[in-house]
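S.K.: Under the heading NAD(+) binding site, Swiss-Prot lists Gly12, Ala13, Gly14, Gly15, Arg16, Met17, Glu38, Gly102, Thr103, Thr104, Ala126, Ala127, Asn128, Phe129. Residues or ranges marked as NADP(+) binding site in Swiss-Prot (evidence: sequence analysis): Arg39. If you look up Swiss-Prot, you'll see His159 marked as active site, proton donor/acceptor. The (S)-2,3,4,5-tetrahydrodipicolinate binding site annotation in Swiss-Prot covers His160, Gly169, Thr170. As annotated by Swiss-Prot, active site, proton donor applies to Lys163, with the evidence given as sequence analysis.
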Amino acid sequence: MTDSTIRIAIVGAGGRMGRQLIQAVTQMEGVVLGAAIERKGSTLVGSDAGELAGVGLLNVIVGDDLSQLTDNFDVLIDFTRPEGTLEHLAICRQHRKAMVIGTTGFDEAGKAAISEAAADIGIVFAANFSVGVNVVLKLLEKAAKVMGDYTDIEIIEAHHRHKVDAPSGTALAMGEAIADAMGRSLKDCAVYSREGYTGERKPGTIGFATVRAGDIVGEHTAMFADIGERVEITHKATSRMTFAHGAVKSTIWLGKHDNGLFDMRDVLNLNEL
């Protein structure tokens, strides 16, 4: 990729996040919308992507076959579902198109496929593209190194009623940031549910609690609780536009990298702090 204008493709263009992404592209310099894709059979196929997103005519017609549109974009933004994202990943890898992936809920095989594809194309893969959330992840690393060994750690997350995976990708990223800072593996210390007679809390575990209700965009709190005090680090999103802007910024940053697997901490240079 060159330093010229980045042409962006958006899959799931007619969804809540897809429309916000189209809006974000039109609001930022250095990028243009090159393609918009919806699932086969969608009534939105054939419509203008700009009119669909409420930003006016863009002369980009919504298609239903990514493989036929690869000449129209440099970077694909994908906030869909794991099975769809992996199909799109194969197409992008074949045609050497970079990807920004905000899809959550991948199993280990899916994550491995993304890592393998990054040998050939540039990929920014993040559970959350908000600047604030990624600052929180850095703060959690610092807090875990100081307090993690002697406090009870709980992560509470809340999202809208339509979210299909739990815990959220961001909640898991918070857990991984904490566990990594403590030299542990999250899979060995996570507790994802409690019901009935559970006995006392086991030391060294990281608990998760999930809320699904109404139109909550996204709220996450990590709690470090001791006797007599607790520290809570919280992020609340009130608009999906914060995620959309972060994803679009990632496409510009990714233009400097022909291949490799990155996350938002790379994009924001947080790893240097």
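All residue numbers here begin at 1 and follow the chain in the order shown.
In case you wondered, yes, glycine gets a Cβ from its N, Cα and C as well.
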S.K.: May I ask which of the recorded positions His159, His160, Lys163, Gly169 is closest to Glu38 (NAD(+) binding site) if we compare their C-alpha atoms?
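M.R.: Considering only the listed recorded positions, the nearest one is Lys163.
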S.K.: Specify the count of other C-beta atoms within 10 Å of the C-beta of the residue listed as 'NADP(+) binding site'.
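M.R.: Within a 10 Å radius of the Cβ of the residue listed as 'NADP(+) binding site' lie 14 other Cβ atoms.
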S.K.: Closest to Arg39 (NADP(+) binding site): which of the recorded positions Gly14, Arg16, Thr103, His159, Lys163, going by Cα position?
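M.R.: Checked the recorded positions Gly14, Arg16, Thr103, His159, Lys163; minimum Cα distance to Arg39 (NADP(+) binding site) goes to Gly14.
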S.K.: Do you know offhand how many angstrom separate Thr103 (NAD(+) binding site) and Thr170 ((S)-2,3,4,5-tetrahydrodipicolinate binding site) by C-alpha?
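M.R.: That comes out at 11 Å between the alpha carbons.
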S.K.: Would you find the one among the recorded positions Arg16, His159, His160, Lys163 whose Cβ has the most company, meaning other Cβ atoms within 10 Å?
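M.R.: Per the Cβ count, the most surrounded site is His159.
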S.K.: Indicate whether the residue listed as 'active site, proton donor' is helix, strand or coil by DSSP.
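M.R.: DSSP call for the residue listed as 'active site, proton donor': coil, neither helix nor strand.
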S.K.: Restricting to the recorded positions Gly12, Gly14, Arg16, His159, Lys163, which ones have a CA within 10 Å of the CA of Thr170 ((S)-2,3,4,5-tetrahydrodipicolinate binding site)?
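M.R.: For Thr170 ((S)-2,3,4,5-tetrahydrodipicolinate binding site), the recorded positions whose Cα atoms are within 10 Å come to none.
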S.K.: Compared by Cα position, which of the binding-site residues Gly14, Arg16, Ala126 is the closest one to His160 ((S)-2,3,4,5-tetrahydrodipicolinate binding site)?
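M.R.: So, of the listed binding-site residues, the one sitting closest to His160 ((S)-2,3,4,5-tetrahydrodipicolinate binding site) is Arg16.
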S.K.: To the nearest whole angstrom, what is the C-alpha distance linking Gly12 (NAD(+) binding site) and Gly169 ((S)-2,3,4,5-tetrahydrodipicolinate binding site)?
M.R.: 19
S.K.: Fill in the CA-CA distance, Arg16 (NAD(+) binding site) to His159 (active site, proton donor/acceptor), as an integer in Å.
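M.R.: Their Cα atoms are separated by 14 Å.
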